[in-house]
Amino acid sequence: MSDFIVGLTGGIASGKSALAAEFEKLGIPVIDADVVARQVVEPGPILDAIAHRFGRAILLPDGMLDRQALRQIVFADPVQRKALEAITHPAIRAELRRAALAARGPYAIVAIPLLAEAGGRATYPWLDRILVVDIPAALQHARLMRRDGATPELANRMIAAQATRDQREAIADDIVSNDRTPEQLEQEARRLDVVYRVAASEH
C-alpha cells in the first residue's frame, strides 16, 4: 500500500517518461494516466456511457471503441469534447488513485501529462506532492521535431496547445530541469527518491 502519492507532469517532449523510468529503476511504482485512459474505455460501463452519448457508430463490430470515429467527433466540436471528458475524466482520476493506493512501494508516482491543464491540486486533491519536469522552450521545440517529425510550425502549435511553463511551475512542489545528460536525470531521481521516502515515512 502506497498512501503517499506524487504527481509527475511536464510539457510535451519534456522527458516525463525518462524520469518515470528512473524512478521505476529505484523500485517505485509508476501509474501512467495515458495507460489508464485507454483501459477505462475498454468494454464496460464507461464505454456504454460513451456509446449512449455519441451513438453506436463509435463502436467497432467486436464492441471495442473505434477511436478514430470518436476522435473525429470530439476534435471537431469543443462541446462534444467536453461531453466526452465529463464521462471519462472522473473514471480516470478514480482509477489512478485506486491504482496508486494499491501499489506496493514506499510511495507511488502517478504520471499525468495534462495535470496543470486539468486544474492541478484542485482536481487531484489526493496528490501529496507535484513534480514537474521542465525543459527550455528551444530544446522542447527541437526534441518535438526530432522525435515526432513535426515541422517547426506544428511543433509551435503542439506546445501552444498545452499549459505554459509558468502555469506548470505554479503547481509544482519540485522541479527537475531536463536539459542535462541522462546521468544527471538519474541523479535527480535518486535525490528526490530520498526526499519522497522520508516524506512518505512521516505521512
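Just so it is clear, glycine is given a Cβ too, placed from its N, Cα and C backbone atoms.
Here is what Swiss-Prot records for this protein:
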DOMAIN    5-203  domain 'DPCK'
BINDING   A13, S14, G15, K16, S17, A18  ATP binding site
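Cβ-based crowding with a 10 Å cutoff singles out S14 as the top-ranked of the binding-site residues S14, S17. For K16 (ATP binding site), the count of additional Cβ atoms within 10 Å of its Cβ stands at 24 [all protein chains shown].
Cβ proximity to the ATP site centre (mean Cβ of A13, S14, G15, K16, S17, A18, cutoff 8 Å) flags the following additional same-chain residues: G10, L19, V133, I135, N178.
Neighbour density at the Cβ, taken as the number of other Cβ atoms within 10 Å, is lowest among the binding-site residues A13, A18 for A18. Residues belonging to the domain 'DPCK' (5-203) score a mean pLDDT of 93 in the model.
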